[in-house]
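Asker: Please read through the structure below; I'll follow up with questions.
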Amino acid sequence: MTDSTELSTAANWIRQSSSILIAAGAGLSASAVNPQYGVGLDYTSVAAFRQLYPRMTQVSTMRCMYDAIGKHDWTPELMWGYLFTHVDKCRFNWGSTSVYQDLKQILSNKPIDSFVITTNADGMFEQNKFDMTRFLSTQGDYSLLQCLKPCSQQSVYEARPYIERALPHINPQTMEVPSKYIPQCPRCGGSMFYCVRGGEWFIESAFDNQRHRYRDFLHRAIDKKNDLFTIIEVGVGFNTPSVLRWPMDKLVSEFKNVRLIRINMHAPDVPVHARKEKRTIGFDGDAAQIIRQLRDMVIA
Ligand SMILES: [Zn+2]
């Protein structure tokens, strides 16, 4: 049971703020249950993987979606058969989910300056029709492919046409795609991969515009010293803490007009000094439930 006093304090911060930042990690998408599949997009869940990709448990050593990251012991045909299927299902067709819609309602309750920053490359905010001019995807986006060399910083391409060409030819039994559908860089003919932070090859400049807009937002929110600026951080753990977790700790520790609402089932701890000043609260319950309760209080 979540402390109702803390919940109403958090809801008041949101109501009184003129700027709100949503900082989202893997835990948010894990709680985004797709009604058709009955599971959230939880990369570490064996049950979700079995439900979404029953054949993959037969034809590969994979046990969960996270196992695809850095996986080397599969053929390019199986790798692309899986990756095309996965990105089609999750990046483009997961659709609208309650927890994302609740967050959107929190932001649209009244006119405020808002922004979303996320380490999730799954495009869930776009699928839930958030304002994409107020959005930064720090680790890349599965909707883009890029050259793996890369032969140029411009070698970034929409993934959708490659996926649409390949999907009808993926063998549902073996999960393999014929090699002629494996994407090659149109510039140099070399190997491609999704435009995500998977190594030195990541073409981060594809997200420069998003990053500039995020910096502008932060400056505006921090500069308004007499206005509250609330950060709602959801499901951000310690996989890549230097990207979201520590920067959010730093913001609430450094700037007195910042409030930090941290929702994290496993690691809800918050910076001590800011906690003593009653400017941050950590919730360790289910993200979807807490966000629903916050939404109900905020829009009441
Ligand atoms: Zn290339």
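Heads up, residue numbers simply count up from 1 along the chain you see.
Every residue gets a Cβ built from N, Cα and C, even glycine.
TrEMBL annotations: computationally assigned, not manually curated.
Model, not experiment: these values are computed from the prediction.
Pulled these features from TrEMBL for this protein:
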BINDING   Cys147, Cys151, Cys185, Cys195  Zn(2+) binding site
DOMAIN    1-300  domain 'Deacetylase sirtuin-type'
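Quick one: where do these features end up spatially?
Answerer: For Cys147 (Zn(2+) binding site), the same-chain residues 6+ apart in sequence whose C-beta sits under 8 angstroms from its C-beta are Ser155, Cys185, Arg187, Cys188, Gly190, Ser191, Met192, Trp201, Ile203.
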Asker: Which has the fewest other CB atoms in a 10 Å radius around its CB: Cys151, Cys185, Cys195, the listed binding-site residues?
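Answerer: Counting other Cβ atoms within 10 Å of each of the binding-site residues Cys151, Cys185, Cys195 gives the minimum at Cys151.
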Asker: Taking the centroid of the Cβ atoms of Cys147, Cys151, Cys185, Cys195 as the Zn(2+) site, which other residues of that chain lie with their Cβ within 8 Å of it, listed in sequence order?
Answerer: Leu145, Gln146, Leu148, Lys149, Pro150, Ser152, Ser155, Val156, Tyr157, Arg187, Cys188, Gly190, Met192, Ile203
Asker: Looking at the domain 'Deacetylase sirtuin-type' (1-300) alone, can you tell me the average pLDDT?
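Answerer: Averaging the confidence scores along the domain 'Deacetylase sirtuin-type' (1-300) gives 96.
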